[in-house]
Amino acid sequence: MDGGIIPMWQPLCLSGLLGFVVAASLLGLTRRFRSIVQPWVVRRVQSDLPLILQIQRWQHRYFDIFFSVISCLVSVPFYTGFIPILFWSGHSKLARQVALLMAFCDYIGNAIKDAISAPRPSCPPVRRVTATEDEKENAMEYGLPSSHALNTVCLAGYLLHYALTTYGHEMDGFRVLIGFSLVFLLVSLIGLGRIYLGMHSFIDVAAGITMGLVVLAFWLIVHDHIDNFLTSGQNVTSFSAGLSFVLLFAYPTPEAPTPSFEYHTAFIGVAFGLVSGIQQTYLLFHSEGIPRIFSPELSILVFCGRLLAGIPTILIVKFCSKALSKWLLPVICNTLGIPIRSSCYIPALKESDSSKNKSDNKQIGYLQRAVSFLPHKTYDVDTGIRFLQYAGLGWSVSDLVPHLFTRLSLS
């Protein structure tokens, strides 16, 4: 479990990632990569316009609703409900693997999106359907690859793998074929839906599916090692905190600001919160011996009671974590002399020329010298607030709420 001697590979891993971040920044790797790949992608997106318009000729109100609904299957609200349900239904190993896999997919997909900064299909002539607020924010991101296609391949593929490895002895060849057919159908509908809704071109979807297959194949190789590390490794929480910090700085800077970095920060925060909670309560609530839904120890009635108690609790924790972070982080940053700004959470910290001059003329004290290695620029405190807010959400799912279940005799 957590604590003890720090394995040598952990500082080497973090040092290597940090060195890559510094080297990429000095050499302008993102800019060089973008200058090579972006023009080709833009040409492909433009050449796909006739195909998109041909598909949209079948426009119908019911198609709009259908494809908008299935697009929600890999949206942030879906994960907010789906992952806690997996944890509280007794499928803890599946839940933590899905959570970490989706965080990994989100980081890979959004990082490539912002690194390339290729536009979505032009609207007009393409008709773009954004039925939900979540879709309106998605439309503000860059195009390639399609995150929906990538995430669907990984999520559906991993769920199928879990079903085959866990219940495969009870399944004949026909049921296995049905499983693969359902995954293929879902991925196809999601891909077609992203094109029909005007959110992506064919090259975006094809790139998303291809990257999803690569990520899924990689994850199936390493997932058991990752799970063993999370449940019985040393220094897990500290390493996860350091890795989260480095990944925030490793994220590429897009040509123009997009919500992609915010999504990445939220997913990384949830993953860190889940890991820290599992480390504290693995033997109590997350081992393989815990009761699962439909068993005599965990009936449907008890599971519904868990949902009624758990969902409001994690939302309250998320709200409280955000409020506490909005108060605490500016105090810590000001104490350390780290110049900060806020893009939306704290209006008083919105950057202005006068605030820049004021921070430049500040006298440097002892604590400020301790963090003088940081680049001399203002940092968006909203990133830290968002990370801690979702870390609190993840921790409550895996630690606080299971303790609450015990108190309410729902365990």
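Cβ coordinates are placed from backbone N, Cα and C, and glycine is handled just like the others.
TrEMBL labels come from automatic prediction, so no person has curated them.
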Among 91-113, 229-251, TrEMBL marks as transmembrane the stretch 229-251
Contact yes or no, the transmembrane segment (176-196) and the transmembrane segment (6-29), 3+ Cβ pairs under 8 Å, gap 6+: no
Chain residues in Cβ proximity to the transmembrane segment (229-251) (below 8 Å; excluding those fewer than six residues from its ends, i.e. six or more beyond): 1-7, 10, 13-14, 17-18, 20-21, 24, 96, 107, 110-111, 114, 261, 264-265, 268-269, 271-272, 275-276, 278-279, 282, 286-287, 383, 387
I'm a bit unsure how to read this: which one of 6-29, 148-164, 202-222, 297-317 has the highest number of Cβ pairs shorter than 8 Å with the transmembrane segment (65-88)? 297-317
Spatial neighbours of the transmembrane segment (148-164) not adjacent in sequence (6+ beyond its ends, CB under 8 Å) are 71, 73-74, 94, 97-98, 101-102, 105-106, 108-109, 171, 176, 179-180, 182-183, 186-187, 190-191, 193-194, 199-200, 204-205, 208-209, 211-213, 215-216, 219-220
Counting each residue once, how many in the domain 'Phosphatidic acid phosphatase type 2/haloperoxidase' (95-220) are helix, strand and coil under DSSP? 95 helix, 0 strand, 31 coil
